[in-house]
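Residues or ranges marked as domain 'Major facilitator superfamily (MFS) profile' by TrEMBL: 15-489. Among the features that TrEMBL reports, transmembrane segment is placed at 17-40, 52-72, 84-101, 113-133, 154-171, 191-209, 245-264, 284-305, 317-336, 401-423, 435-459, 465-485.
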């Protein structure tokens, strides 16, 4: 056995910390503009509508889904510094493009769409990050390292909107540098800040990052990515085939995990506006606070799960996490008898419209409370009468919603970390770049399909159908986990080289 030197150990963990930073900056690049995309889009191109906004939001995930397997394949055969630097440089260039989308005289919305897609393409490097961390840690270090990676990602998602809020102090007009044709305002400053962070990241990758590879027992060895460091000690330990049934099952489970969380994120604002008669501003403000609290809860869970997994194992914790998510969505089902307040679309002279829908042919005492604006300019609040389910579906009480938030905020990070950890252990010493690329791509696909699914089902059929279907999906995923439970073991354990 080749004993790892103290110098090698320090260098290996310095490189892992650079990967943590890369993951953090990748998530900041997504969230730092998410609150300002819509007003900026309306400002630069009045022809853009809400449906186009959906494409701009989705373009990030589409770009990441395409890029992840490509960067993963690249990292399997070349030093990982190459895809890491190139992907980060693409993100820097894309952020700069975003800052200049106001310059063209037409088709500005398409330039914004391209910029966000390229930022997502650059974020495909998370597959490289995950594969490197999986290869540079032993089995005993893996869960902790994966938890730290997910925590850095979560902190990036939390701090992105915080940075955006700070930059709002610059205002919509800001400062204009005519020589550079650049407007530095509340919309462009965040992306330029993101570009600066990307440049710093590239410098640190060149200065600190080194290729390291260890086996499941922590012994260093030479890999295709290294420049000659390490030993060939692991040659015999790479023999054996990957359990592709376990790989496919974990891809499906990871898709479900990110799918249900994307549904949860998407539905939060419209659900609270419909159920609690919140205005747009109130919904964004209150849900922003709730999502921030969930983010903090997730970081705490990431830290706790590192210790807990050593006692119970990753499979049991993944099972428990899915059960918690199931209970969270089950609580969201409408159970009471009270109906939500109805928002009438055809209010004229503060009177009830003369043509009521056929569903309203019922005694007046059975009708939900009618919310009428005090004047013509007031924002209509409540559940829109155009959604027919509003007239017969009980409301979801605020206590239900908060309880569900807490449970989903607990279950999601548990499932996220455990699925990544189990996936890397199942793959073992084999090159993981492409496999991690597919896992990242499945997560990106879930983030694209989740909002589409819930927006259609919720709008046309209501929360009872939407959340029942989600519960059904989680139940099926639990059954799948039961079927493959015994196969979700580390590569070295499967071939008898280590004890579980």
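In case you wondered, yes, glycine gets a Cβ from its N, Cα and C as well.
Only sequence-distant pairs (6 or more apart) were considered; of these, fewer than three Cβ pairs between the transmembrane segment (245-264) and the transmembrane segment (84-101) are under 8 A, so the stretches are not in contact. Taking every listed stretch (154-171, 401-423, 435-459, 465-485) in turn, the largest tally of C-beta pairs under 8 A with the transmembrane segment (284-305) is reached by 401-423. Taking Cβ pairs closer than 8 Å, the transmembrane segment (113-133) reaches residues 15-16, 19, 22-23, 26, 29-30, 37, 52, 55-57, 59-64, 66-72, 74-75, 80, 83-84, 87-95, 97-98, 101, 145-146, 149, 153, 420, 424, 431-433, 435-437, 439-440, 444 in its own chain, all 6 or more past its ends. The transmembrane segment (401-423) shares the most Cβ pairs under 8 Å with 435-459, out of the stretches 17-40, 84-101, 154-171, 435-459, 465-485. Between the transmembrane segment (154-171) and the stretches 17-40, 84-101, 435-459, the greatest number of Cβ pairs separated by less than 8 Å involves 17-40.
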